């Protein structure tokens, strides 16, 4: 009976990015992460980082430091939808502007290498009515 219990041991998925475990990614510098990333991300970082993303990263670090132990940090709002998610941002809460409101998104390991704008949709998806010619037909009042 004890062998049956041992056989059903639960295995939890550990996240990795291009073969590198999450623990190593968190210790990794942004320059080392960029070497793992696809060409579009490498090109973007090769062109240099302006002061706006650097200021945003500083605000994220401050929010993480100010957060109590085992609590989510305060959301940091941004209009920078073209910011690429790097390992340093994992665990942060970001308010991403979609043109109307700030959508709060918690940065998870699966989001690495993607743009912030991908997680804050800018339009309302269409909800179609009844299909066919019956929609324009006159409906008499009783």
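Quick reminder: no glycine exception, Cβ is built from N, Cα and C everywhere.
Positions annotated as ubiquitin cross-link by Swiss-Prot, on the basis of a large-scale study or a structure entry: 24 (among others). Neighbour density for residue 24 (ubiquitin cross-link): within 10 A of its CB lie 13 other CB atoms from the protein chains shown. DSSP classifies residue 24 (ubiquitin cross-link) as helix under the three-state reduction.
Remark: residue 35 (ubiquitin cross-link) has 42 as non-local neighbours, by Cβ distance under 8 Å and separation of at least 6 in sequence. Per Swiss-Prot, the feature ubiquitin cross-link maps to 35 (among others); the stated evidence is a large-scale study or a structure entry.
Note: residue 64 (ubiquitin cross-link) has non-local neighbours 73, 91, 92, i.e. same-chain residues 6+ apart with C-beta under 8 A of its own C-beta. If you look up Swiss-Prot, you'll see 64 (among others) marked as ubiquitin cross-link, on the strength of a large-scale study or a structure entry.
Residues or ranges marked as N-acetylserine in Swiss-Prot: 2.
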